[in-house]
There are 2 protein chains.
Amino acid sequence: MAIRYPNGKKYQPNDLLTSTTQKKTVSYGKRGMSLEQDLNDTNAYYLTHELAVIHKKPTPVQIVGVDYPKRSSAKIKEAYFKTPSTTDYNGVYQGKYIDFEAKETKNTSSFPLSNFHQHQLTHMEGVLKQNGIVFVIIAFQTLGEVYFIRFEHFQPFGNECSMAGENQ
Amino acid sequence: MAIRYPNGKKYQPNDLLTSTTQKKTVSYGKRGMSLEQDLNDTNAYYLTHELAVIHKKPTPVQIVGVDYPKRSSAKIKEAYFKTPSTTDYNGVYQGKYIDFEAKETKNTSSFPLSNFHQHQLTHMEGVLKQNGIVFVIIAFQTLGEVYFIRFEHFQPFGNECSMAGENQ
């Protein structure tokens, strides 16, 4: 017997939800958020169970103006997003350094490498030279598929991308 | 012969500068900035010479309001500082995970452990359990002395501090 939760929405049995049309309308909008949420949940699990300590870095921001209405709550009134100089995630697993970047695309057959900033690629190269564990996680939102690629395997394509960029 | 740089200031010979009074007025103001600058310079040197990849994490900020006057330059018009959940610096040296916090004090005989947030101590404990290399750098601005303390040696005091905090 199916339980109908009182969320105000009309009940949809599961077999309807798995049809292609329903899938499109139901789940795609949220997939953009869910990779980051999935990674945050995973890292929280690792942290709680003492398996690894991995954190997402804060968004880099250039702070220009700050108001101090009360001493306890400074309000930033002017700031700008800065280009990140590293990947978004790093941490430690059994003494080893872990570093990765997570990206999403709505493409279905390819991932545009221009989504990586040149200094992110440079950063990952640097980590690899220091024998860190470095990889990318690429989520194809439309396909609902997520790929794990070690930077060693990803790097040759990254180089092509940066060379193409230089020739433009 | 001493060279008198034309900086508009009255010339002070070196032996005067080393007297206690002069030392106080001349150098203390800038020491607050210089620990972070020293660490940034050191990390830049390590990066350039491929000795290590260590970065300062961006200041964590809760972004509330953003203006988009032009597509290329989003302006953050309301944001607040968040309490950091980790230390400020981390990175990799020969595959090993490095993690540290740098703090400064104007005290001359002690360092108040309340300068560390409880979750920073918790974070450092977690890193230690994962066999990461974790330490603190404490600069006594007034003394001009900088100390390196591995978290293993620092931790017992940190625990006392947090226990004292809980009893309050």
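Each Cβ is built from the backbone N, Cα and C atoms, and glycine gets one as well.
Remember, it's a predicted structure, so these values are computed and weren't measured experimentally.
Take the Mg(2+) site that TrEMBL assigns to B:Thr86, B:Asp88, B:Gln120: the candidate from B:Glu78, B:Glu101 listed for it is B:Glu101. With the fewest other Cβ atoms inside 10 Å of its Cβ, the least crowded of the binding-site residues B:Asp88, B:Glu101 in this structure is B:Asp88. Here B:Lys103 (site 'Transition state stabilizer') is compared against the binding-site residues B:Thr86, B:Asp88, B:Gln120, and the shortest C-alpha distance is to B:Asp88. A count of other CB atoms within 10 A of each Cβ picks out B:Thr86 as the most crowded of the binding-site residues B:Thr86, B:Gln120. Surrounding the centroid of the Cβ atoms of B:Thr86, B:Asp88, B:Glu101, B:Gln120, where the record places Mg(2+), the chain contributes additional residues within 8 Å, namely B:Lys57, B:Pro84, B:Thr87, B:Tyr89, B:Asp99, B:Phe100, B:His117, B:His123, B:Met124.
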